[in-house]
């Protein structure tokens, strides 16, 4: 979306925020700094009550702990590697920018917000369901707001969570990332399917060598005698482009079909960028960013740092191994507990946030 759309969304968000702010006492909205808000609701509590009665979630949560630790370990290595490459100049600074700064330019507003809400809502709902299965009270749920824009959702657990066994806390903490990973995996076939949806493909950007013949707004009709009906058709064609080869392209312009013969560049490119119709683009972009946000939210939350889920998951791992009947595994758990405990994880927390914040600040310098 262009800058004008971003301005419209911002204006609408501010108007909504002014209305919410004026009635904040009656709707149980707590505000911070005049721009942030926490809106506590009962939204989702019935679903949590209904699904949380099944004890199967307890077993799934316990099994998820070692899986989440492994994924979190690789995420930690990736964060450190990215920071080193960022400082050495082998990674562009844009790669370290926070997601919020990418909205409007890289991430389309509407699909991006929908995808982010799906990721965070599923994440928090899973925490609530797993907590309920362990008999821990879910006090409330709610929405986090920045001006009038929803940043995400949350569930507020009872005080029993703080005093619960490490293993239980780890199982509940693993629920959110696990739910995000499931949505991530589910979105893969959906994304593949979305590329096959029948749609017109409009040229949104054109460069050499195609710019001599084609214009923005032209609709791709046919390439080398093959009708282009979907993004998948165009992607498959793009894979076959060879350097310095002639391609016959038919386009629709002003209700007329025009035919051009274009020779590809030395790099094997035609210089055409296309986009599907608005409704199809909205669907594809929503699935695409749902895919990415769930993947990133899952792995980021598994870092061994407070207040992320990974802190409780990692803290529970040695305890889980110690309780195994196998003497060797139990001994490994005892040894790991010397290195993975609340004290060492507190130090790792400082390291993780210093690396992340340092990388972000460096990328904006």
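If you go along the chain as it appears here, the first residue is 1 and each next one adds 1.
From the backbone N, Cα and C atoms, a Cβ is placed for every residue, glycine too.
Per Swiss-Prot, transmembrane segment is recorded for 3-23 (among others), and the stated evidence type is sequence analysis.
For the transmembrane segment (60-80), the list of distant contacts is 130, 133-134, 167, 170-172, 174-175, 177-178, 298-300, 302-304, 309-310, 313-314, 316-317, 320, 352, 355-356: same-chain residues at least six beyond its ends, Cβ to Cβ under 8 Å. Per Swiss-Prot, the feature transmembrane segment maps to 60-80 (among others); the stated evidence is sequence analysis.
Annotation source Swiss-Prot lists transmembrane segment at 100-120 (among others), citing sequence analysis.
Per Swiss-Prot, transmembrane segment is recorded for 141-161 (among others).
If one looks beyond the transmembrane segment (171-191) by at least 6 residues along the same chain, the residues whose Cβ comes under 8 Å of a Cβ in the stretch are 57-58, 60-62, 64-65, 67-68, 71, 118-119, 122-127, 129-131, 134, 136, 157, 161, 164, 284, 287-288, 290-291, 294-295, 297-299, 301-302, 309-313, 316. Positions annotated as transmembrane segment by Swiss-Prot, on the basis of sequence analysis: 171-191 (among others).
The transmembrane segment annotation in Swiss-Prot covers 280-300 (among others), and the record cites sequence analysis as its basis. Listed as Cβ neighbours of the transmembrane segment (280-300) (distance under 8 Å, sequence separation of 6 or more from its ends, same chain) are residues 71-72, 75, 99, 107-108, 110-112, 114-116, 118-120, 122-123, 176-178, 180-181, 183-184, 187-188, 190-191, 194-195, 197, 199, 231, 308.
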